[in-house]
Amino acid sequence: MKINILTLFPDMFTPLQVSMLGRGLEDGKWDLNLVNFRDFTTDLHHHVDDTPYGGGAGMVLQIMPIKKALDSLPSTGKIIITAPQGKTFNEKMAQEWAKEDELTFICGHYEGFDQRVYDLADETVSIGDYVLTGGELPTMSMVDATVRLLPGILGNSASSVEESFSHGLLEYPQYTRPADFEGKKSARSFKPVVIIKRLLNGDTIRLLKATYLHRPDMLENRNLSDEEKKMLQEIKNEMNED
């Protein structure tokens, strides 16, 4: 996969070139192309923004340098803009993007883009209901979530399939040595009846409990089987007893 990122601050993307993603870059499992669209300005001071027509606070990013930067690429693949008004990024989107051969991200700044820049994009995406100073951090998050799904990026190929969100449920609490640390034990907090059912049903009940405790909204978007509904009710009954 090739990923192009149009940005005013290419130095911000150093974190994508270390750890597992960095090793993937070195091994040729994916390619990162950082493009500073300020390089495509024509005026003496290299302006990339201007005041909005009709007045208003802030500055708006111009279409010309961004369009020229896009035109300089041999290909773009799917073009993605980061902006607060976009649809919220999630694991399902990362899985779909990981199937693409090429992605191009355009990072916003200041008061946003000239509307004609949005018209160039295939998707406008946000990472949540809050405002950041620019699109670089959201882009890094989305690139990380997408690239880690590519074959050979993670050490354990099963990790990206079995972890939180990939199956619509959160991971259950996990522990390692020591078994007892400052009086806090690593024993699982399930009653015997629940443990028996866990043995019969794999880890489903632990996943359901973790999701119910921390992100019940995820259960609303999941089509639970009759068996899962039964397990969930038992979890609720158990917690009410406590």
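Every residue gets a Cβ built from N, Cα and C, even glycine.
Copied over from Swiss-Prot, here are the features:
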BINDING   Gly108, Ile127, Gly128, Asp129, Tyr130, Val131, Leu132  S-adenosyl-L-methionine binding site
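Positions of Swiss-Prot features highlighted on the structure.
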residue	record	DSSP (3 states)
Gly108	S-adenosyl-L-methionine binding site	coil
Ile127	S-adenosyl-L-methionine binding site	coil
Leu132	S-adenosyl-L-methionine binding site	coil
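Of the listed binding-site residues Ile127, Val131, Leu132, the Cβ environment within 10 Å is emptiest of other Cβ atoms at Val131. The full span of the recorded S-adenosyl-L-methionine binding residues, Gly108, Ile127, Gly128, Asp129, Tyr130, Val131, Leu132, taken as their largest Cα to Cα distance, is 16 Å.
In sequence order, Leu61, Ile81, Thr82, Ala83, Gly134, Gly135 make up the list of same-chain residues 6 or more apart from Gly108 (S-adenosyl-L-methionine binding site) whose Cβ falls under 8 Å from its Cβ. Cβ neighbour count for Asp129 (S-adenosyl-L-methionine binding site): 7 (other Cβ atoms within 10 Å of its Cβ, all protein chains included). The number of other Cβ atoms within 10 Å of the Cβ belonging to Tyr130 (S-adenosyl-L-methionine binding site), over all protein chains shown, comes to 7.
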